[in-house]
There are 4 protein chains.
Amino acid sequence: MPITPDQQAEIDTLRANPQPTLRATAPGMEAHLYKAYDVLDHGFIRVIDYMGDDAAICQAARVSYGKGTKSVQNDEGLIRYLMRHWHSTPFEMCEIKLHVKLPVFVARQWIRHRTANVNEYSARYSILDREFYIPAPEHLAAQSVINNQGRGEALTGDEAARVLAYLKDDAARCYDHYAEMISDEGQQGLARELARMNLPANIYTQWYWKVDLHNLFHFLRLRADSHAQYEIRVYADEICKVVADWVPAAYGAFEDYRMGGATLSGKAIDCVRRMLKGEVVTQETSGMSKGEWREFEGVIG
Amino acid sequence: MPITPDQQAEIDTLRANPQPTLRATAPGMEAHLYKAYDVLDHGFIRVIDYMGDDAAICQAARVSYGKGTKSVQNDEGLIRYLMRHWHSTPFEMCEIKLHVKLPVFVARQWIRHRTANVNEYSARYSILDREFYIPAPEHLAAQSVINNQGRGEALTGDEAARVLAYLKDDAARCYDHYAEMISDEGQQGLARELARMNLPANIYTQWYWKVDLHNLFHFLRLRADSHAQYEIRVYADEICKVVADWVPAAYGAFEDYRMGGATLSGKAIDCVRRMLKGEVVTQETSGMSKGEWREFEGVIG
Amino acid sequence: MPITPDQQAEIDTLRANPQPTLRATAPGMEAHLYKAYDVLDHGFIRVIDYMGDDAAICQAARVSYGKGTKSVQNDEGLIRYLMRHWHSTPFEMCEIKLHVKLPVFVARQWIRHRTANVNEYSARYSILDREFYIPAPEHLAAQSVINNQGRGEALTGDEAARVLAYLKDDAARCYDHYAEMISDEGQQGLARELARMNLPANIYTQWYWKVDLHNLFHFLRLRADSHAQYEIRVYADEICKVVADWVPAAYGAFEDYRMGGATLSGKAIDCVRRMLKGEVVTQETSGMSKGEWREFEGVIG
Amino acid sequence: MPITPDQQAEIDTLRANPQPTLRATAPGMEAHLYKAYDVLDHGFIRVIDYMGDDAAICQAARVSYGKGTKSVQNDEGLIRYLMRHWHSTPFEMCEIKLHVKLPVFVARQWIRHRTANVNEYSARYSILDREFYIPAPEHLAAQSVINNQGRGEALTGDEAARVLAYLKDDAARCYDHYAEMISDEGQQGLARELARMNLPANIYTQWYWKVDLHNLFHFLRLRADSHAQYEIRVYADEICKVVADWVPAAYGAFEDYRMGGATLSGKAIDCVRRMLKGEVVTQETSGMSKGEWREFEGVIG
């Protein structure tokens, strides 16, 4: 259970107390504020704050004084134009702050996105909770035999049972020793900043993560992608849902031009043109490598 | 007059329409939202949006669920501790968005602060207004004779009059020709992206500028400093006022540790120690260059 | 003439004095070092320094100890794979430092690329040279009648002559007054930081600009694009030439996947699939707006 | 042993093969290139590449054509001036690329410095080596009783032995199970991206890390500081040594103004002034909190 009753009570208190503001508000996002959405076995994402909405993107693009006199339809057209033509700065005018609880090995991937602000729970200063990610059976995947960086089918039978036992037992033992090492009962107690090194990478950490909408879209494009590791993809998927409610027009454009789109190389465009003229193009006559051709076939169906 | 009646009406409309929100609100900042504060002869700053408050800084530093149960006094102590020990990430959790109207030569200094988001009014796309910065007589300063990068006393008499006439006439003539070149009456009309190159650097531009509190403090430390050029310092001074109302505890710590503080070199600390023991230290015995010693004397009074 | 004989002599001296180094060297780039390549009427680009080569990209991607035992062919395949799959960090391992002389209005566009290091000639501290960009007749373009942010045909006849006269005369007069205002002969002399505001945006400035290869490719994709303003595109084109000699494999991949490639939206991919199955798709049945459809037709020829 | 004989042979090959270059070279740095300097029990730092030297800092600050005609002494004075007045951009003109092998919990601190380029060894793609950081007895520190984020004396006797046994045994067992889980002998084999989560935070990883000199100095100021965790400080200390040989003037200024310097608050400066006038100032009359006063006493000795 990711959230304790005490924590839930704090969240309920925050949600019970609206204040008047003159800032742009996004009703779809207000409905999400502070709530914890479960991810994996002990993780969550929570929206802590946000700045801006679809109209704010357009207002910045136009450098206008008020909300502008343009209609919602015009705003959507402008947003789609901006997205299509890689105008990134208007999307940077929206900002979101999330509270995320996630396994350390996921956090290590996540932090590679540098254009964001982060405050992580400090294991130098504080004691980590006894919570570890243990994959559900259907996610206990075998190494892919065709892609060094991918997964195959889920493990089954004895092998699955043995793996689960290792993951659970090792995490439990490492945590027991961690707790014992830092204990100051009848001993000095090891420094927390040292003891933490005994904890495996499936232990949960948490952080506040703040990012602008342009960089969030970049994160989501890479991490909500089908090639991303499952354990970070589920976080990205959950974030996608709240973003869709926050800035519906921008999210719609993102879905069409980024998530649902594809970049074709010069060679690939040439092949499409030839194929549309009726030519039968094969990998051999395409000028592409086998890998590129396979990916190209994936795009054109 | 920086703001037209139409623009003021748009601002009034925005200020007349509070909405409920569950986000952290800063009452001191709500009072500033959208209002235009005059800077120089035609410029202004306006707060368009903000995220977070003093409590949000502490909440992120503690990675806590609610606002925390700590008192305001504890929050202030924590904020001072964070500022003193150069913990920058909690301050990054607050964000501000400004609408700024400013001369181009000021904009060119400002933009050197890279860790911010900007959307500038496009002179490729739109026509610039006929507004130029002309210094008030008391700011028509002579070149400093001791500092290549500074100012001396204000010019007077004929010289002042001649300079003002040049600045006004050249701006007027350049703008007249700009307007004539882009006109499509009876001619094709020069492309706006080319015509703009005829405009001098005292013409006003405007932009939306969004920045986090840590990077804003860095900007203010450099640009509200007495060595900054007057024409950017007045913008920084005006921003300081709204920040003081937005995050009073953080701004107080910033004033004490950054604006009012000073960094001493290892040599300077050594001199202070010797002086406190009663030694008479001179530039010659200090190990410092003349420039360093002069600055050191400025610090210790 | 962008370079004076004295400057050329300094460049020749630098080029006459090779030193042994153990670092990765790119022979194609050594041939360019320090040389000034003319751009526009008084501008140039010069390569001042570089770090890394094609092999360094692969070495970082593999986190290997030496240059690796892989062949050049393998390296090229890996580089194409990295570029195709948006792996940006290995390209960040190469760095280039340029000295650029360029008109101020071009510099204002250029500086919007924030992920770079810049040192610009200071007009607060120093006196700017009397050099202005005056377009060649064939680049004196009219405003586009279909695109607010574009150009049409070149102006002709009286209009062209009038525009050229304005640009030249206004620049000359503004500079004369600038020089007169800062003069300390028989007067105090206006502060340089103020006098510069009388100078139009076609005056030349110069800077040192340092950027990693990933961010340089991003810059080149936007600024060497046919929609970029001509006056910045010619700088991007010149930089492309030296990059092609520096990291031939990376540049080749960039050309194929970025410059020569195109991003299709989800809707566009769907249309391609339908068209390849023999369906006649029109704008009306495509689900795209007129603008999107026109751009789509441009891609598929 | 951090480096295998094969790896050492690769390094020797690289060092045996100087090439001529026209770029700025730093002889002090050439002597370090590629060599592995041991840190902790299995870690190291290696300089892979560098760009620029002391003269390059000055050249960029002056935006000059050649190396400039200034003497080395003038260069040092300029560098000290730039450092003292927080001119950061000239220092950004130098760049260094390191290959670092380090425990994961150190890597997690290190990566918080976002303004750098990183390529880390991928545990999704590859298999990690069986190497763990086990503190030397003198670094097996107890938790500090006065600072939640610090260390006290080294553990001794039974407690020390027990802690060492836990760290060694848990690491060994976790790695054994990791290896067993990913094995494909007689079973499918767990995906590497999952199996890695069983590994504790003292396992070694490695990366290529590239950073400019300004941001490196910022990193070193925080991480070579006496309050930094010992396990990252030893990396910072080792980097300091190579930087001192690379850019001696800049490193000297860094030592005097940053590492050896201190920032005094407005209150602290006021106290110094009063004390220099002969007043006896105590914490009670200083206006400072107890924590601030203690730190202030540390500065003034």
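Glycine too: its Cβ is placed from the backbone N, Cα and C atoms.
The candidate list C:Arg84, C:Arg151, C:Arg196 contains one residue that TrEMBL assigns to the dUMP site with C:Gln109, C:Trp110, C:Ile111, C:Arg112, C:Glu120, C:Tyr121, C:Ser122, C:Ala123, C:Arg124, C:Arg223, namely C:Arg196. Neighbour density at the Cβ, taken as the number of other Cβ atoms within 10 Å, is lowest among the binding-site residues C:Ile111, C:Leu213 for C:Ile111. For C:Arg124 (dUMP binding site), applying a Cβ distance below 8 Å and a minimum sequence separation of six or more within one chain yields C:Arg192, C:Glu193, C:Arg196. Chain B lies within reach of C:Ile111, C:Ser122, C:Arg124, taking the recorded positions C:Ile111, C:Ser122, C:Arg124, C:His218, C:Arg223 and requiring a CB-CB distance under 8 A. Within the same chain, residues at least 6 positions away in sequence whose Cβ sits under 8 Å from that of C:His113 (FAD binding site) are C:Val211, C:Asn215, C:His218, C:Phe219. Applying an 8 A CB threshold to same-chain residues 6+ apart, the list for C:Arg223 (active site, involved in ionization of N3 of dUMP, leading to its activation) reads C:Gln109, C:Trp110, C:Ile232, C:Arg233, C:Tyr235, C:Ala236. Counting every protein chain shown, the number of other Cβ atoms lying within 10 Å of the Cβ of C:Gln109 (dUMP binding site) is 18. Here the C-alpha separation of C:Thr89 (FAD binding site) and C:Ser122 (dUMP binding site) works out to 33 Å. Fewest other C-beta atoms within 10 angstroms, among the binding-site residues C:Thr89, C:Ser122, are seen around C:Ser122.
The secondary structure of C:Glu120 (FAD binding site), as reduced to three states from DSSP, is extended strand. With a 10 A radius on its CB, C:His218 (FAD binding site) counts 18 other CB atoms from all the protein chains. In this structure the alpha carbons, written CA, of C:Glu120 (FAD binding site) and C:Ile111 (dUMP binding site) are 11 Å apart. Residues listed for FAD, C:Thr89, C:Arg112, C:His113, C:Arg114, C:Glu120, C:Asp212, C:Leu213, C:His214, C:His218, cover a largest CA to CA span of 27 Å.
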